[in-house]
Amino acid sequence: MEFIDPNLIPARTLYTGAKMPAVGMGTFGSDHAAPEEVSAAVAGAIRVGYRHFDCAACYGNEAQIGEVFAEAFSEGEVRREELFIVSKVWNDMHGQGDVLLACAKTLKDLQLEALDMYYVHWPFPNYHPPKCDVSERNPDSRPFSTERFMTTWRQMERLVDMGLTRHIGMSNMTIPKLEAVLPLCRIKPAAIEMELHPCFQQQELFDYCREREIQVVGFCPLGSPDRPERDRTPEDIADIELPEIRRIAESHGIHPALVCIKWAVQRGQTPIPFSVKERNYTANLKCVTEDPLTSEEMEVIGGLERDNRLVKGQVFLWPGAGDWRDLWDLKGTIAGAG
Ligand SMILES: NC(=O)c1ccc[n+]([C@@H]2O[C@H](COP(=O)([O-])OP(=O)(O)OC[C@H]3O[C@@H](n4cnc5c(N)ncnc54)[C@H](OP(=O)(O)O)[C@@H]3O)[C@@H](O)[C@H]2O)c1
């Protein structure tokens, strides 16, 4: 097993001054990697030099990952303060009083006293069961409401006050939603997690966050080749199969996946690639320590934007909604808000 010195991995500075490693490891098994398989990969990743882990209650594996963290600390492999550990409150725990309970459960499962970052996973209280298919709809689903979101966010802020998380963040947001909630935040989000890969660069949202000192964390950085069936449509483009990406990969003698990771880190976001294979997760971390992309290559990849959102979120639609585009406020106003 190779060890990549964590000091060689670029770090992002949050507005608090805290550092966040610019590559993290994803832990969503896309409904097919079992919790034990993911936690074994986390154990291997700590040994390889990963120091940032993107967890979530809804991934159904925090208890197994918590065992791995506890063992790594007790064996002296790594100290708690060397890791940047993230989790997310799931959509069925947004209500008054629920966020503290959700965070407590996550802390118990991960065997931690506090998190480094706690995100609101989705900005709606709309729940879908694990492993559901694309046609699943919950009749209780509702559109975004600033008031409801702030009920959740006020509880997130209290978690910071209580020392249960050092930072709070949001995920799957849009500019109209941020415009509505940011002025109301007592504690502003330190990071926003969003889908980002060469065919889906969200340049406007990316710039919006950076202008406000909010770090951008990118999920599905490789185009999530093994994503669940519910997140696949025939029009989707496979980033790692694009001729431009393959050509750049060939000229560096690397897998196209690594081109996506190098691009992400050099552009300024923090990718959180997932893998259960030691060879892959090692390469995903190591690639940012050597042989950077040239500015011409960065420009070529910058030109690959295809507006190809993969995680469209159909399962979160509310009764009366149009199609998945309503979740993303494409008309510039918050769809369904009343
Ligand atoms: N906030 C949100 O709503 C949200 C949504 C989606 C995802 N996420 C987070 O983002 C993370 C990453 O997204 P993702 O898991 O969907 O997709 P991803 O990281 O883009 O792709 C993961 C897939 O790529 C393969 N892979 C990884 N490294 C590779 C390499 N070097 N060469 C070839 N193949 C490679 C993996 O297969 P192997 O295991 O076989 O290597 C895995 O199937 C998730 O795990 C999760 O933590 C957050």
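Backbone N, Cα and C atoms are what each Cβ position is placed from, and that goes for glycine too.
All annotation found in TrEMBL is predicted automatically rather than curated by experts.
Per TrEMBL, these features apply:
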DOMAIN    23-301  domain 'NADP-dependent oxidoreductase'
ACT_SITE  TYR59  active site, proton donor
SITE      LYS88  site 'Lowers pKa of active site Tyr'
BINDING   HIS121  substrate binding site
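Of all Cβ atoms in the shown protein chains, 23 besides its own fall within 10 Å of the Cβ of the residue listed as 'active site, proton donor'. When the alpha carbons of TYR59 (active site, proton donor) and LYS88 (site 'Lowers pKa of active site Tyr') are compared, the span between them is 10 angstrom. The residue listed as 'substrate binding site' sits 5 Å from LYS88 (site 'Lowers pKa of active site Tyr'), counting Cα to Cα. In sequence order, CYS55, ALA56, ALA57, CYS58, TYR118, TYR119, VAL120, HIS121, SER171 make up the list of same-chain residues 6 or more apart from LYS88 (site 'Lowers pKa of active site Tyr') whose Cβ falls under 8 Å from its Cβ.
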